[in-house]
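Swiss-Prot annotations:
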ACT_SITE  His90  active site, proton donor
BINDING   Phe24, Ala58, Leu59, Glu60, Ala82, Val83, Val84, Asn115  5-amino-6-(D-ribitylamino)uracil binding site
BINDING   Glu87, Thr88, Arg129  (2S)-2-hydroxy-3-oxobutyl phosphate binding site
Amino acid sequence: MDHGFYPSNLDGEGLRIGIVQARFNEPVCAELLEACVAELEKLGVEGEDTLVVTVPGALEIPLALQKMCESGQFDALVALGAVVRGETYHFELVSNESGAGITRVGLDFNVPIANGILTVDTDEQAHARTREKGRDCARAAVEMANLVAALDSLRGQEDEDEDDDE
């Protein structure tokens, strides 16, 4: 049996990417943003095709992502933040709710969202992960934007095939 295969496509040329960055734990979030934007540029996403907005913290990220999705202006989005464990249940609440909100927005609007919210035990762990996570999010956003576009084009081909049968 033959199987089709769609290879990873990391060509960011012409893609419009939105980034929502939390300001809480600002030094970590600034490093995440710097790494993400630098990687987007390496992948061919033009600076003017990237919009960065900031929100107070991780719990506010899903709403900003939702508003960006509603605009219809973005091929993919990136969520950047850092949640550092404390001595209360708040860590679990923020981690779980922000992650669930991000997933829901992406599925509701069929827009790829790379989740770059670090959930760590210490500030040191957060700083150690910023470069790699920022780059990974840029790559995931570009790859998924291209994959979604390719899969959407299959639906268009099916519609054309049905028209040909008539």
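Glycine too: its Cβ is placed from the backbone N, Cα and C atoms.
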Consider the recorded positions Glu87, Thr88, His90, Arg129 and say which one has the Cα lying nearest the Cα of Asn115 (5-amino-6-(D-ribitylamino)uracil binding site). Arg129
Residues Glu87, Thr88, Arg129 [recorded (2S)-2-hydroxy-3-oxobutyl phosphate binders]: greatest CA to CA distance in Å: 23
List of residues, in chain order, with Cβ under 8 A from that of Phe24 (5-amino-6-(D-ribitylamino)uracil binding site) and at least 6 apart: Pro56, Gly57, Ala58, Gly81, Ala82
Taking the Cβ of Ala58 (5-amino-6-(D-ribitylamino)uracil binding site) as the centre, count every other Cβ atom within 10 Å, in any protein chain shown. 27
On a simple 10 Å Cβ count over all chains shown, which one of the binding-site residues Thr88, Asn115 is most densely packed? Asn115
So which of the binding-site residues is most packed in, judged by how many other Cβ atoms lie within 10 Å of its Cβ, out of Glu60, Glu87? Glu60
Using DSSP with the three-state reduction, classify His90 (active site, proton donor) as helix, strand or coil. helix
